[in-house]
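Chemist: This is the structure I have questions about; it appears just below.
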Amino acid sequence: MEYTKLAQLYQILEETTSRIKMTQALVDLFKETPPELIDKVVYLSIGRIAPEYTGLDYNFSEKSAIKALSTVLNISEHDIQHQVLQTGDLGDAGKKLYEEKGVKPEGILTVEEVYRTLREIAQTTGYGSTKKKLQLFTELLKKASPLEVKYLLRTITERLRLGIGDNTIMDALSIAFTGKKENREIIERAYNISSDLGYVARILAEKGLDAVKNIKIEIGRPIRPMLAERMAIPSYILKKLGGKAGAEYKYDGERIQVHRKGDTFYLFSRRLENITDQFPDLIEFLKESIPEECIIELEAVVIDPSSGAIRPFQDLMNRRVKYVTRFHIMMYPIAGFIFDIMYLNGEDLTLKPYPERRKILEENIKITERINLSERKIVDNVEDLESFFHQAIEDGCEGLVCKSLQKDSIYQAGKRGFLWIKYKRDYKSHLADTLDLVVVGAFYGKGARTGYFGSLLMACYDPETDQFKTVCKVGTGFKEDDFKKLDDLLKEHTLDHKHPRVNSILSADIWYEPFLVLEITGAELTLSPVHTCGWDRIKINRGLGLRFPRFTGRYRFDKRPEDATTEEEIINMYKNQIQIKS
């Protein structure tokens with residue numbers, strides 16, 4: 001299969017903002033793709049060569065890409081950089097220079113060759129790796145047409161930006177290989193328990209939908225985490241959960257999924273990054289506490305060894321370094337609070353109700369000084385729920401997660417729902433909780449902020465449309481060093497136009513690819529004529545905006561943009577807020 005077909009698809013995707021047209025373009029390509037290549041096409045179309053949990057990245061800088069381009073075109077790197085400044089994008093610059101120079105490809109690029117070469121680049125490490133990576137990529141460019149060059153450059157520098165998410169790809173796979181969108185749910189279940197969309201696509205293309213239904217949980221493949229909805233009124237929480245709930249402490253730490261098979265451990269973050277090397281001490285503690293073959297979830301916190309008190313979340317962030325040393329282990333001692341189990345000795349437990357899973361935990365976890373079960377209480381009245389909430393706050397927690405005890409209280413991998421409800425009340429405002437919002441744009445600063453942004457345009461996520469919808473412009477709560485930090489984080493994700501997945505009425509001075517999640521608080525949610533979250537849902541020609549938004553100082557690197565607060569959550573928060581006021 002020629003790579004030019006992928007490049008042509010990418011151009012179509014880039015030029016449309018219609019999800020229907022994007023889906024159809026993907027359907028057409030998937031139907032043309034040989035089954036043995038479908039996984040590679042899926043990976044390449046999301047800008048990767050393997051699922052995120054493998055940690056396989058290109059580690060290929062823009063500077064290296066320019067050097068490769070310079071070699072092929074026989075022009076100076078300075079001339080290329082000048083063209084990049086003019087076009088605002090390395091891919092566009094490369095395409096234009098190829099066309100101007102009349103470069104003739106030295107061969108025909110295939111999907112197989114592109115994938116194989118990019119994978120080799122990602123796997124090349126150690127002494128001399130920079131030179132070898134450069135040689136490999138240069139050979140690809142020699143065989144590329146101008147359009148192919150554009151997308152190869154964007155791919156290798158991890159800036160493909162096609163505006164498609166997992167949901168759009170799953171819709172297209174369902175239509176292409178089963179003839180209808182309704183089978184997407186089966187594909188999504190397989191993806192949620194394997195976290196590998198390319199793998200699911202290949203099983204579907206080669207063996208059909210029944211084989212996808214038979215995809216099982218495996219040690220080493222992370223399960224996409226179950227997510228909680230949020231409510232602020234205890235009586236409503238209990239009513240929503242059937243009058244009775246299992247209330248658990250919501251620890252202010254890092255959610256970690258632990259896989260164990262014998263002495264082999266895998267630790268995955270909330271966004272499915274492999275963080276095994278960052279917690280060698282936690283693994284030693286877990287060896288004493290958890291079964292030989294299992295998948296469990298826990299909240300890791302930093303504690304004060306003398307008192308056992310939980311230290312602030314910021315202390316835990318000091319453990320998120322590439323190389324953990326004895327210093328980190330001594331200064332930031334870890335404890336783990338286990339709150340769920342999804343797999344035990346070959347058995348998938350995700351379809352068992354929560355009370356059964358909790359009982360299995362209690363029977364199989366050995367409590368030690370550093371490993372414990374999450375603090376829990378069964379509550380069936382508001383007074384007990386309120387009392388337990390205050391106890392959690394006093395013990396240094398964020399609040400509670402209230403869990404359904406009903407028969408349908410399965411572990412909903414990759415889904416957000418009311419089987420789990422967060423209760424994190426903020427007494428200083430009407431806002432029931434902080435919001436985790438995605439940076440999608442910025443507005444220029446003035447005075448002391450000249451040269452930096454004045455405010456950031458923040459958005460929630462709508463999984464139904466696979467779009468990011470604006471909620472507020474935030475310009476307060478930032479410390480002096482935040483401006484430099486955010487500038488460094490955002491500059492490589494700058495766009496010269498609004499991202500196709502961003503739904504915004506406002507015109508930002510700078511647009512960004514949605515990737516960075518920040519924790520935002522505020523006074524209350526109000527009807528807004530300029531923000532698109534909840535547009536027409538509460539009132540015609542009005543959305544929902546956050547009044548007096550403020551950055552809490554917390555960067556949510558543990559969350560993907562698709563893990564941000566959803567539109568539906570914000571609508572529910574607004575309704576709860578109205579009820580509290582009344």
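Using N, Cα and C of the backbone, Cβ positions are placed for all residues, glycine too.
Summarising the annotation, Swiss-Prot assigns ATP binding site to E248, R255, R270, E299, F339, R416, K422. As annotated by Swiss-Prot, active site, N6-AMP-lysine intermediate applies to K250, with the evidence given as sequence analysis.
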Chemist: Under 8 Å Cβ-Cβ from E299 (ATP binding site), six or more apart in the same chain: what's there?
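Modeler: Result: Y251, G253, E254, R255, I256, G336, F337, F339, S374.
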Chemist: Here's one to test understanding: among the binding-site residues R270, R416, K422, whose C-alpha is closest in space to the C-alpha of the residue listed as 'active site, N6-AMP-lysine intermediate'?
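Modeler: Checking each of R270, R416, K422 against the residue listed as 'active site, N6-AMP-lysine intermediate', the shortest Cα distance is to K422.
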Chemist: Using a 10 Å radius around its CB, how many other CB atoms surround R416 (ATP binding site)?
Modeler: 19
Chemist: Give the maximum pairwise CA distance in Å, whole number, for the residues E248, R255, R270, E299, F339, R416, K422 listed as binding ATP.
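Modeler: Overall maximum Cα spacing for these binding residues reaches 19 Å.
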Chemist: If I restrict to non-local contacts, at least six residues apart, and a C-beta distance under 8 angstroms, what lies near K422 (ATP binding site) in its own chain?
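Modeler: When sequence neighbours closer than 6 are ignored, K422 (ATP binding site) has A228, E229, R230, M231, K250, G399, L400, V401, C402, D433 within Cβ distance under 8 Å.
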Chemist: Can you give me the same-chain residues 6 or more apart in sequence from E248 (ATP binding site) with a CB-CB distance under 8 Å?
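Modeler: Within the chain, E248 (ATP binding site) has Cβ neighbours under 8 Å at F339, S374, E375, R376, L400, V401, C402, K403.
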Chemist: By a simple count of other Cβ atoms within 10 Å, which of K250, R255, R270, the recorded positions in the record, is least packed?
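Modeler: Checked K250, R255, R270; of these recorded positions, fewest Cβ neighbours within 10 Å: R255.
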Chemist: Under a three-state reading of DSSP, tell me whether E248 (ATP binding site) is helix, strand or coil.
Modeler: strand
